[in-house]
Amino acid sequence: MEGKISWTVADAVDYKGFPADRSKTGGWVPAALILGIEICERLSTMGIAVNLVTYLVGVMHLPSSTSANVVTDFMGTSFLLCLLGGFLADSFLGRYKTIAIFAAIQTLGTGALAIATKLPQLRPPPCHASASHTCKPANGFQMGILYVALYLIALGTGGLKSSVSGFGTDQFDDKDEKEKAQMTYFFNRFFFFISTGTLTAVTVLVYLQDEVGRSWSYGICSVSMFVAILIFLSGTKRYRYKKSIGSPIVQIFQVLVAAINKRKMELPHSVELLNEDTPEAQRIHHTDQFQFLDKAAIVAEGDFERNVVSAPNPWKLCSVTKVEEVKMMVGLLPVWATTIIFWTTYAQMITFSVEQASTMERSIGGFLIPAGSLTVFFVAAILITLAVYDRLIMPLWKKLKGKPGFTNLQRIAIGLVLSTLGMAVAALAEKKRLAVARTVGVTTTTLPISVFMLIPQFFLVGAGEAFIYTGQLDFFITQSPKGMKTMSTGLFLTTLSLGFFVSSFLVSVVKKVTGSNDGQGWLADNINHGRLDCFYGLLAVLGVINFVLYLVCAVWYKPKNPKPALQMETIVNGSSAENKC
């Protein structure tokens, strides 16, 4: 009996619901089957996002600002739906079913997109716009079919992002030293698969879209995901499954409801009089911040269930520890709010920057670089920055300061600064591009100016992402309660979502304020007629203002339960990588 027990994993079960047998479940083989889903998800999402704006402008004949908003709304929805996927996985479906269901939804979405881009009835007739001739834009039915396909993909992506990495880590027992070491390698490979999928998307898939046909490219994505699902399902008997423990969102609402219902009650003079039924080892000490929430722990008549001994109604009475956990989440919000603007800047790299590239000289010998493939410099900047930080900056900083690298708040600050500089450089580059356009004629299809002039803005914002992504992930993981790690990671991912939505909002406002009836203004229908440099300049100014607000929030923030910081190497190779979406 003892030998059999030692071969089971304490907190995992097999597909039949029995304790998982260590020798028959989990490990590298099941984890590898799960990684196939991840690479196909990256392939589809990024392959669509980085080159969609050129399709909307060139084929669907939409204005540049409208096209940019379609892309940012699509990406914003994808990240926002991570919360839905996480909630369903935690509360009802579990990670395995969530992955299978949402992968199938994404397969349907990419298949629908392949059909939408293939059938001539689903796009307007081809034409070449000129000063005297305006192309007929796509009608409501054509755009409706396109939106259905895109948002099916967004729904599938959101569900996958919340569960794939977590289900992969479920295949390793962190209480076993050997499997814990294997888990580290899994994170490394997980990041590698994300990078591989992204690089393949912005190079091979974008090239296929421009030179062979979009329907072929999207069809490949759909077939790839279908095959990945079959491979994923083939491992059903080999997986380890963790039981759902419920969503922390319920706990947050319980504290809020209890505090609101007791808003007129006075707090006791001593903290000891507040309710605390959490085991000693798991308790969180009381703090003086957000004292209104402390009222949820005031013991009052009617707080306990009738006929049940020592069982308080959680919607009427909460423990001090539960209240403190909610306080910790509330305390993250100021830093959370001041990092949204970075992802608004990021959104320009896959919308207007790609549209800029489409008007510039992109030939190397006889090869024409697809405009969407310029984002390869963005990905390269991320990888180079991670390597330089790990091999040069961290050792140097340790010698100078005695600390293993920058703190999470410092890395977020560096990311905000780099993104602001990126927008300033982008404004200068666009000013130069517009000057060339006015010299040779704004109707010129390809301007005599090298597309490589855009590399600095891609590199600066890409390097900024390397710092801010790892800084945010570190901050939200180490400064959140143990039982709310998934929730706090979801909170982090909403900064990406809201960043894209803020981009859409800004574009709409700028278009309305600076535009005119003939389609001109800062964000003209044809960017050669507009002042995109002013829009980039506006983002740079907003970046400076946001950075000042961020510094105030960072100084105000009081760290809770200090833990060793997760450095970039850990984010890439270690435990926090499981939360990367």
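Quick reminder: no glycine exception, Cβ is built from N, Cα and C everywhere.
Here TrEMBL flags 43-62, 74-93, 100-120, 140-160, 190-209, 215-233, 329-347, 367-389, 409-429, 449-469, 490-510, 535-557 as transmembrane segment.
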Check your understanding: Which sequence positions outside the transmembrane segment (367-389), separated from its termini by at least 6 residues, show Cβ-Cβ distances below 8 Å to it?
Key -> 50-51, 54, 195, 198-199, 202-203, 206-207, 209-211, 349-350, 353-355, 357-358, 405, 451, 454-455, 458-463, 465-467, 470, 568, 572
Check your understanding: What stretch of 43-62, 74-93, 449-469 shows the most Cβ pairs under 8 Å to the transmembrane segment (490-510)?
Key -> 74-93
Practice item. For the transmembrane segment (100-120) and the transmembrane segment (215-233), decide whether they are in contact, meaning at least 3 CB pairs lie under 8 A, counting pairs 6 or more apart in sequence. Key: yes
Exercise for review: Report the listed stretch (74-93, 190-209, 215-233, 329-347, 409-429) having the maximum count of Cβ pairs within less than 8 Å of the transmembrane segment (140-160).
Suggested key: 74-93
Exercise for review: Report, as numbers and ranges, which residues of the same chain sit near the transmembrane segment (43-62): CB under 8 Å and 6 or more residues beyond its ends.
Suggested key: 68, 70-71, 74-75, 78, 106, 110, 113, 117, 123-124, 126-127, 129, 135-138, 142-143, 146, 150, 153, 157, 197-198, 200-202, 205-206, 209-210, 214, 217-218, 221-222, 224-225, 350-352, 354-355, 358, 370-373, 375
Check your understanding: Considering only Cβ pairs under 8 Å, which range in 74-93, 190-209, 215-233, 449-469 makes the most contacts with the transmembrane segment (409-429)?
Key -> 449-469
Review point. Residues of the same chain, at least six outside the transmembrane segment (190-209), with any C-beta under 8 angstroms of its C-beta?
Key: 35, 38-47, 50-51, 55, 165, 168, 216-217, 220-221, 370, 372-373, 375-376, 379, 383, 572-573, 577-578, 580
Exercise for review: Go through the chain and flag residues at least 6 beyond the ends of the transmembrane segment (74-93) whose CB is under 8 A from any CB in it; none is fine as an answer.
Suggested key: 45, 48-49, 52, 101-102, 150-151, 153-155, 157-163, 166, 244-249, 347, 350, 486-487, 490, 493-494, 496-501, 504, 581
